[in-house]
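Q: My structure is below; once you've seen it, I'll send some questions.
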Amino acid sequence: MAEELISENAGKIGGHLTKSLLAVALLSSFGSSMLYGYNLAVVNSPAQYIKAFYNETLLERHDQPPDEHLLTVLYSITVSIFAIGGMTGALLVGRLVTKYGRKGTLVRSTMLVFVGGALMGFSRWFRNPAMVIAGRFITGVHSGICLSVVPMYLGEIAPKNLRGFLGLVPSIHICLGVFIAQVLGLSELLGKEEYWPLLLALVVFPTAIQLMLLPWFPESPRYLLIEKGNIHATIAALKWFRSKGNIQAEIEEMQEEQRSLSSIQTLSVGRLLVDSCVRWQVITIVVVNIGMQLSGIDAIWFYTNDIFRNAGIPEPHIQYTTVGTGAIEVIAGMLGCFTIERVGRRPLIIGGFLFMGVCCAGITVSVLHQAQLPFMSYISVGCVIGIIAGFCIGPAGVPFLITAELFKQSHRPSAYTVAGCLNWLSNFTIGFVFPFLQEATGPYCYLIFCTVCLGVAIYAIFIIPETKNKTFLEISQMFASRNKIPSEELASNGHLKMSLMNGYGTLGIREDK
C-alpha cells in the first residue's frame, strides 16, 4: 500500500530537458569539472621540462645538482599535492554549501583558480619551484569543492527522470578536460619547454567564462525552500529550469521533506557516520569512492607516457597515442551519459569496474611477456585504453551521482564531504605511491588494481540498488531493511509523511483528521 501511494505521487514528479537545465549543466561543468580533468593530465606531457626546471633552480641555489631521487620526490609532490588540495576543498564543502548555497559556492570558489593559475604561470619567471606546487595545491582546493558541489547542484535542480543524464554531464567534462590537456601538450602546440607554465595556467580561461555567466542562473530550488524557506524564490527557480509543465508536485514533495526536517539542521560529518538510519548508504559511498580512485585510473592518467614507454611504444608516437586515449575517454563518457537513463546506474558501475579489472590483469600479463612476444605491447596499450573507457562509461560519474541520490537534504552536504575526502585521499595515495610501487613490483602492481575493481563490482552486485527514476522516498525505502528500520515505519493505511529519524526521510504514518 505504501509503495503504491509513493509511486502514484512520484509519477507526477518529472520533467523535460529544457534549454535552461542544459545550459546550467554545461556551464557549471565547463568551469569546474573540466578543470579537474585538465589538472589531472596536464602535468603528464611537460614532466621532463618541470623536472629540468626543478633541477636548474636547485642547482642555482645550492651550487650542486640534486640527485635523481630528490627530483622524483619533488615531481611526485607536484603531481599529488593537487589531491591534498582537493581533500582540503572537500572538507569545506558542507559549510560552504550551507552558507552560500550550491551555485553561490561555485561562483565564489572561482577566485581560487585565478590565484593558482597566476602562481603556476609566473613560476618560471620568478625561478621558484614552490610556486608550481602552491598553484597545484590551490587549484586542487577548487577542484575538491567543485567535484562535490557540481553534481550536488545538478542533482537538486534535475527532475527525477533526468538526474542520471545531468549527473553524468560533469564526468563528460572531466574526460574532455583530460583530452584538452593531452592535445595542448603536443610538441606542435604547447608541449615545448618554454610553454609549460602557460600550459599549467590556462585553467583561468574556462573559469573566467563561468564567473561571467553562472551568477545569472538561479540557485538550487531545494536549497531555497528546504534550507532558506523562500517559497517565492523556489517557484521562480523551478519556472526558470522547467519552463513548462506543472511544478506543483515538485513543490509539494519538497515541502513534505521540509516539514520532516523542520527541527533538524544540516548534519555534521560525525553525526552522519553514527546515524544508523543511513549506515548502508554511508558504506556504499565509502566503497565506490575509494574504489573509484584505487581502480588504477589515476595511475593511468598521471603516468600515461611512462606506461606507453614501458610498453614499447616508440618515443615519437607516445604523445599521439596518449591523445587517442583522451578521445576515447570523451566518447565513452558521452556513451555513459546518453545511456544511463535507459540502462540504469547499476549496469554502468558494475560493467565498468568488471571491465577495468580484466584490463588491469591484461596489462600485467602482456608486460610480462612482451619481451618474448612483441605483439603483447599492443595488447598492453589496448588494456590501458580499455581501463580508461571502462572508467569513463560508468565509474567516473556514477559515484558522485548516487551520493546525491542516496541522501536527504540534511545529510547530503556531509555525505559529499565524506565521499570527497575519501576520493581525494585515495587520489593522493595513488599519485604519490604509484612510481615507487611500480619500481618495487613492476607489472604486478596492476593486479592490486584488478582486485579492487572486482571487489567493488561484487559489492555493487549484491548491495547497491537501482535508483533510476526513483524519488528520494523510494530510495530511502530500498535501504530500510538493510538499515534495520522497523517495518511499522514503512506501513501506512492513510497518508504518507517523512518521519523524523535523525532528519532522514523514512516513511511514517500521518493520522487522518
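Placed from the backbone N, Cα and C atoms, the Cβ positions cover glycine too.
OK, TrEMBL features for this one:
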DOMAIN    25-468  domain 'Major facilitator superfamily (MFS) profile'
TRANSMEM  21-38  transmembrane segment
TRANSMEM  73-94  transmembrane segment
TRANSMEM  106-126  transmembrane segment
TRANSMEM  132-153  transmembrane segment
TRANSMEM  165-184  transmembrane segment
TRANSMEM  196-217  transmembrane segment
TRANSMEM  348-369  transmembrane segment
TRANSMEM  375-402  transmembrane segment
TRANSMEM  414-434  transmembrane segment
TRANSMEM  446-464  transmembrane segment
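Neighbours and distances for these, please.
A: Computed over the domain 'Major facilitator superfamily (MFS) profile' (25-468), the whole-number mean pLDDT of the model equals 86.
Non-local neighbours of the transmembrane segment (106-126) in the same chain are 28, 31-32, 35, 53, 89, 96, 100, 132, 134-139, 141-142, 145-146, 149-150, 153, 196-198, 200-204, 207-208, 210-211, 214-215; each lies 6+ residues outside the stretch with a CB under 8 Å from one of its CB atoms.
If one looks beyond the transmembrane segment (132-153) by at least 6 residues along the same chain, the residues whose Cβ comes under 8 Å of a Cβ in the stretch are 28-29, 32-33, 35-36, 39, 43, 50, 53, 77-78, 81-93, 96-97, 102-103, 105-106, 109-110, 112-113, 115-121, 123, 167, 170, 200-201, 203, 220, 397, 400-401, 403-404, 412-413, 416-417, 419-420, 423-424.
If one looks beyond the transmembrane segment (165-184) by at least 6 residues along the same chain, the residues whose Cβ comes under 8 Å of a Cβ in the stretch are 17, 21, 25-26, 28-30, 32-42, 44-45, 147, 150-151, 154-155, 157-158, 190-191, 199, 202, 301, 319, 322-323, 325-327, 329-330, 332-334, 336-338, 340-341, 392, 396-398, 400-401, 404.
If one looks beyond the transmembrane segment (348-369) by at least 6 residues along the same chain, the residues whose Cβ comes under 8 Å of a Cβ in the stretch are 288, 291, 295-297, 310-311, 336, 339-340, 376-377, 379-380, 382-384, 386-387, 389-391, 393-395, 398-399, 442-444, 446-447, 449-454, 456-457, 460-461, 464.
Beyond the ends of the transmembrane segment (375-402), by six or more residues, the same chain brings 147-148, 151, 155, 163-164, 167-168, 170-172, 174-175, 284-285, 288-289, 291-292, 295-297, 300, 304, 307-308, 311-313, 321, 324-325, 328-333, 335-337, 340, 345, 347-356, 358-360, 362-363, 365-367, 369, 419, 423, 456, 464, 467 to within a C-beta distance below 8 angstroms of the stretch.
Within the chain, the transmembrane segment (414-434) has long-range Cβ neighbours (under 8 A, six or more residues past its boundaries) at 76-77, 79-80, 82-84, 86-87, 89-91, 93-94, 97, 140, 144, 147-149, 152, 266-269, 271-273, 281-282, 285-286, 289-290, 292-294, 296, 298-299, 302-303, 399-400, 403-404, 406-407, 445.
Tertiary neighbourhood of the transmembrane segment (446-464): same-chain residues 280, 283-284, 287-288, 291-292, 294-296, 299, 345-346, 349-350, 353-354, 356-358, 360-361, 363-364, 395, 402, 437, 482, selected by CB-CB distance under 8 Å and a gap of 6+ residues from either end.
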